[in-house]
């Protein structure tokens with residue numbers, strides 16, 4: 001019979017579980033008391049916010065339930081044992097909602113607490129005074145209306161970023177809202193234009209909320225300091241009408257001085273001051289002026305204001321009128337003998353004095369009458385006026401000049417008859433005439449031409465010298481006078497009167513004379529350099545008269561000196577020292593023939609070949625004054641006989657010159673090869689080096705480093721680098737020669753490793769040969785030896801897996817162009833007899849088969865001719881002749897040296913040669 005289905009099983013289990021839980025619930029109801037619960041029990045909500053309250057009970061079947069509160073509700077949700085309600089627009093600082101249920105004729109209650117908080121959205125700092133005196137206290141007051149709870153609120157007063165005072169309101173009632181903080185602060189200078197503010201912080205972090213902070217708008221404080229004393233006023237006591245005088249008002253101890261105001265006035269007239277600051281000091285400067293309507297005593301006032309306070313100073317100032325004296329002449333320009341009246345007046349209250357004579361009373365004019373003469377011309381008249389103002393005597397004066405008209409006069413004092421001036425310095429020519437109007441003076445040469453620039457500063461030149469007629473003219477007449485101008489100047493020696501260069505001809509008659517210009521006329525003398533004798537009169541010219549003469553001219557204005565070079569010319573002449581009769585030219589030196597000729601002017605020299613290979617050829621010369629014909633270059637000069645001809649404008653001369661050619665040593669590859677080879681044992685000879693050159697060079701060769709020992713025969717030690725030097729009278733040449741010594745081969749070493757070999761073992765034969773040029777290595781192995789290997793240069797023979805057939809005699813031969821040498825070595829392969837017998841039987845069969853094929857190949861013509869070379873004989877089946885030739889032992893190397901092993905008598909030795917790739 002099948003069991004119950006799984007679904008039925010689950011249903012039964014659920015039923016049992018429900019019954020069990022019901023029984024347990026009934027038991028719990030019977031055992032536990034009933035209660036009501038309100039969540040959240042305590043809540044903190046922002047003012048105007050909302051909150052959900054959850055009211056629940058453990059009563060299994062409550063009769064009814066609810067939530068009592070004075071707050072506004074927005075929505076309700078219910079269950080059997082719970083109630084949820086949303087409270088909105090919560091504004092009361094504190095309220096206590098009550099959750100209740102009716103259960104088993106009992107009322108279950110739970111009471112909650114809801115408190116509100118308000119952020120410090122409004123932080124107000126009471127306005128500050130517009131100006132606050134430094135050193136006095138002012139009030140800082142901060143209000144935060146509505147923010148709370150107050151117990152969580154903190155207020156801070158700030159000066160800029162500096163904290164002045166901080167206050168928290170811990171312990172205030174929970175329902176308390178809003179706060180205020182007031183402080184008295186001492187005003188300082190550094191507080192000027194500093195911002196003050198208030199910071200409010202509502203800290204609800206202990207209640208699970210954040211920190212809410214806000215600041216007031218900053219308020220700027222302006223502080224000031226005003227001194228107790230009044231400004232200092234500097235001003236004149238009196239001021240003339242239409243004149244300007246400075247007025248200065250100063251006050252110290254101001255702060256901030258740039259914000260102070262200044263008011264300056266004269267009577268009802270406001271002045272415009274220019275204010276300058278220096279720290280806490282203020283200086284106001286203005287210009288005071290007054291009109292005629294302000295004449296009298298006026299009040300000058302200065303007022304300085306700052307921060308609503310002011311300081312004031314007043315001074316009295318008297319405005320007066322005092323015109324400049326009026327000085328008049330009845331005729332400012334009067335002819336000689338005319339009567340002129342002079343008068344002076346200076347206003348109604350001034351007392352005037354004319355030429356020291358005062359007027360009778362103040363306000364009246366002073367007068368003077370004069371019959372003028374020429375002595376009154378340019379006479380000045382002076383009038384002085386005095387006025388008393390406010391106890392102070394003020395003065396003004398005026399002057400005027402009288403001009404008297406008369407005809408010109410030229411006297412010797414103002415226009416001398418004769419002038420003598422030195423040349424050069426600037427002078428002013430004065431020829432003045434007396435007269436009024438002022439005469440114009442004109443000085444010119446009587447015959448016309450040059451005119452003197454009178455009254456102007458200018459240089460004195462010789463062209464100004466001469467006689468001039470000066471005429472003075474004005475409206476009253478004219479005057480005439482002749483004057484003479486003399487210009488003196490130091491001597492001058494020019495090229496016309498005293499040339500710098502004079503040429504004389506040897507044997508003629510000449511004299512040295514120099515003419516100098518100057519005023520007064522100078523004296524001239526000429527002296528030869530280094531001597532004291534003065535040259536005077538004619539003389540017979542000789543070469544020793546050539547040289548430099550010093551000519552000096554002297555007068556009262558100075559002296560002048562000049563060097564005169566005297567050249568004595570003569571015909572050409574040869575001297576052996578300057579132009580040798582025999583000259584040797586060295587090839588390649590680039591040196592030219594020097595043929596110096598005595599003569600003036602310098603002769604032109606030309607040397608031309610007269611016979612042989614040099615006939616008609618021009619010899620190149622050192623002198624730049626050579627002939628015009630084409631000459632040889634220094635590299636192809638031809639020896640021979642040359643005729644040298646020297647010519648100048650005074651004659652010519654001829655000289656014979658014999659030219660010979662020589663050359664320095666020269667070596668090259670053809671005469672002295674740089675690489676030479678000797679054969680060891682040959683007769684020792686010198687290096688094959690020679691050199692070209694005249695005279696014939698001597699060649700000497702020496703070894704570099706260690707010296708070469710003198711031997712009869714060439715040795716290997718003679719190899720090395722040699723330096724060959726060729727020398728003659730004109731120099732040296734050298735070459736470096738490398739000498740190589742070649743020698744026949746010698747097998748210096750033939751060794752086996754290991755010395756004895758067991759069957760199946762490995763062994764190696766090493767062959768080392770000494771030879772130059774390097775030797776070719778070849779091997780001869782025992783017949784039947786297979787599986788042989790050779791190194792790349794055949795110097796090593798190796799066997800892997802040795803057998804009895806590998807035992808026997810091996811020969812190593814070294815061969816080069818100078819001979820052949822061979823050595824032999826015997827290899828033994830030892831082992832047990834049983835191994836030998838078995839191996840021998842097997843090996844014998846193999847050897848018989850291999851031997852037949854090998855014999856056929858070894859006897860072949862190709863092997864005899866040595867035409868094959870293999871890598872591995874055993875693997876490839878190819879074979880070569882190990883002696884490399886396949887002929888008789890002496891076919892390439894000649895007879896073997898004593899002590900070496902000999903080849904078989906029949907001359908046919910064949911073996912297998914193995915070479916590696």
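Positions of Cβ are set from backbone N, Cα and C atoms, glycine also.
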Of 792-812, 813-833, 834-854, which span is tagged transmembrane segment by Swiss-Prot?
834-854
N-linked glycosylation site according to Swiss-Prot, picked from 195, 636:
195
Going by DSSP, is residue 383 (disulfide bond) part of a helix, a strand, or coil?
strand
Work out the three-state DSSP category of residue 249 (disulfide bond).
strand
Out of 198, 498, give me whichever of these disulfide-bonded residues has the highest number of other Cβ atoms within 10 Å.
198
Based on DSSP, tally up the residues of the domain 'Ig-like C2-type 9' (745-828) by helix, strand and coil.
3 helix, 52 strand, 29 coil
Name the range, of those listed as 242-329, 337-402, 408-486, 572-651, 745-828, that has the largest tally of Cβ pairs under 8 Å with the domain 'Ig-like C2-type 2' (135-235).
242-329
Could you give the Cα-Cα distance between residue 415 (disulfide bond) and residue 383 (disulfide bond), in whole Å?
36
Across the domain 'Ig-like C2-type 6' (491-567), what does the mean pLDDT come to, as a whole number?
88
If I take the alpha carbons of residue 302 (disulfide bond) and residue 812 (disulfide bond), what is the distance between them in whole Å?
137
What are the non-local neighbours of residue 344 (disulfide bond), defined as same-chain residues 6+ apart in sequence with CB under 8 A from its CB?
325, 326, 327, 328, 352, 354, 365, 366, 367, 383, 385, 398
